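Copied over from Swiss-Prot, here are the features:
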- GLY174, GLY179, ILE196, GLY197, ASN198, VAL199, SER200, LEU201: S-adenosyl-L-methionine binding site (BINDING)
- ARG59: site 'Interaction with substrate rRNA' (SITE)
- ASP61: site 'Stabilizes Arg-59' (SITE)
- ARG100: site 'Interaction with substrate rRNA' (SITE)
- LYS103: site 'Interaction with substrate rRNA' (SITE)
- ASN107: site 'Interaction with substrate rRNA' (SITE)
Amino acid sequence: MILVLAEAALELVPESLWRHPAIVADARRRGKKPGEILLDRARHHVAMAKLDKAERRGRPDIVHQVLLAFQYSLLNRAGRGRAFVHTVGDYIISVKPETRVPKNYNNFVSLMEQLFKVGRVPPEGEALMEARRGSLAALLEELGGKWVALHEQGRAVSFAELGRAVADAVVVVGGFPHGDFENKWILEGAEAVYKIGNVSLDAAQAVCRAVAAAEAALGLI
C-alpha cells in the first residue's frame with residue numbers, strides 16, 4: 001500500500017500571522033522565529049481567527065497520528081508500505097519505510113519544523129524524510145496515475161474486499177479536520193472510493209482499518 005495523506009493541515013505559520021502576539025510569544029518561548037514554527041490550532045487559536053480557511057489548517061496532530069499508525073504497522077515493517085504527505089501549502093513529504101516517527105508529539109513538531117527549514121531529516125547522511133514543492137496531481141502521476149480513495153461517501157465493502165483493494169494500491173486519505181477535499185477530482189478520478197463503517201472516521205482511524213485489512217489480505221496477521 002502506498003498511502004497519500006492529502007491536503008494535510010501541516011504548515012509553518014504564514015507570514016500574515018508573524019506579528020500576532022500569540023505567535024510572537026510562542027516563537028520566543030521556543031527560541032525560534034515566528035516563521036519557523038508549525039501552525040497549531042491548540043496554541044494559535046486566537047491568532048487564526050481571521051486566517052483564510054482556518055477550519056482546515058493548523059492540525060499537525062492529524063499527520064502525527066496517521067504516520068504513527070502507518071510507520072509502525074506490520075504492513076510497513078514487512079516492506080509493503082510507503083507513505084507520502086501532501087500539505088495544504090502544496091509541499092510533498094516522502095517518508096521512507098524505515099523512518100521511526102517520534103512518538104512524542106513535541107518531538108514530532110520539532111522534526112517537522114526542521115524538515116520545512118532544511119528540506120530533509122536528518123540534515124546530513126541518508127534522508128529518512130524529504131520535503132519538496134509539488135502538487136497532489138503531480139505526486140499521483142508520479143505514483144502511476146491510478147489511486148483509490150477512502151471517503152464517507154464511498155462504497156461500503158467487507159473487510160476482506162477492502163484489504164484486497166488497498167493492499168497494493170495508492171490510497172488517498174484526507175488529512176484535514178473539517179470539510180471535504182478541495183480537489184474534487186480526487187474522488188471523481190479515483191478508480192474506486194470506499195467507506196469504512198457508517199460514520200465519518202478521523203484520518204488515523206480510517207488508515208488503521210485500511211492497514212489492518214491490507215495486512216489480513218497479505219497474510220501478515
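Keep in mind that glycine also has a Cβ here, set from the backbone N, Cα and C atoms.
Fair warning: this is a prediction, and the values are worked out from it, not measured in the lab.
Positions of the features from Swiss-Prot, shown on the structure.
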{"residue": "ARG59", "record": "site 'Interaction with substrate rRNA'", "CB count, 10 Å": "25"}
{"residue": "ASP61", "record": "site 'Stabilizes Arg-59'", "CB count, 10 Å": "18"}
{"residue": "ARG100", "record": "site 'Interaction with substrate rRNA'", "CB count, 10 Å": "9"}
{"residue": "LYS103", "record": "site 'Interaction with substrate rRNA'", "CB count, 10 Å": "10"}
{"residue": "ASN107", "record": "site 'Interaction with substrate rRNA'", "CB count, 10 Å": "12"}
{"residue": "GLY174", "record": "S-adenosyl-L-methionine binding site", "CB count, 10 Å": "25"}
{"residue": "ILE196", "record": "S-adenosyl-L-methionine binding site", "CB count, 10 Å": "22"}
{"residue": "ASN198", "record": "S-adenosyl-L-methionine binding site", "CB count, 10 Å": "7"}
{"residue": "VAL199", "record": "S-adenosyl-L-methionine binding site", "CB count, 10 Å": "8"}
{"residue": "LEU201", "record": "S-adenosyl-L-methionine binding site", "CB count, 10 Å": "16"}
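Between the CA atoms of ASP61 (site 'Stabilizes Arg-59') and GLY174 (S-adenosyl-L-methionine binding site) there is a gap of 13 Å. For the binding site of S-adenosyl-L-methionine, formed by GLY174, GLY179, ILE196, GLY197, ASN198, VAL199, SER200, LEU201 according to the record, the largest Cα to Cα distance is 19 Å, rounded to a whole number. Cβ contacts within 10 Å of GLY179 (S-adenosyl-L-methionine binding site), excluding its own Cβ and spanning all protein chains shown: 11. Between the alpha carbons (Cα) of ASN198 (S-adenosyl-L-methionine binding site) and ASN107 (site 'Interaction with substrate rRNA') lies a span of roughly 35 Å. Shown in sequence order, ARG209 are the residues of the chain, 6+ apart in sequence, with a C-beta less than 8 angstroms from the C-beta of GLY197 (S-adenosyl-L-methionine binding site).
In the three-state DSSP scheme, ARG100 (site 'Interaction with substrate rRNA') falls into the coil class. If you compare Cα positions, LEU201 (S-adenosyl-L-methionine binding site) sits closest to ARG59 out of the recorded sites ARG59, ARG100, ASN107.
Using a 10 Å Cβ-Cβ cutoff, SER200 (S-adenosyl-L-methionine binding site) registers 12 neighbours. With respect to their backbone Cα atoms, VAL199 (S-adenosyl-L-methionine binding site) and LYS103 (site 'Interaction with substrate rRNA') stand 28 Å from each other.
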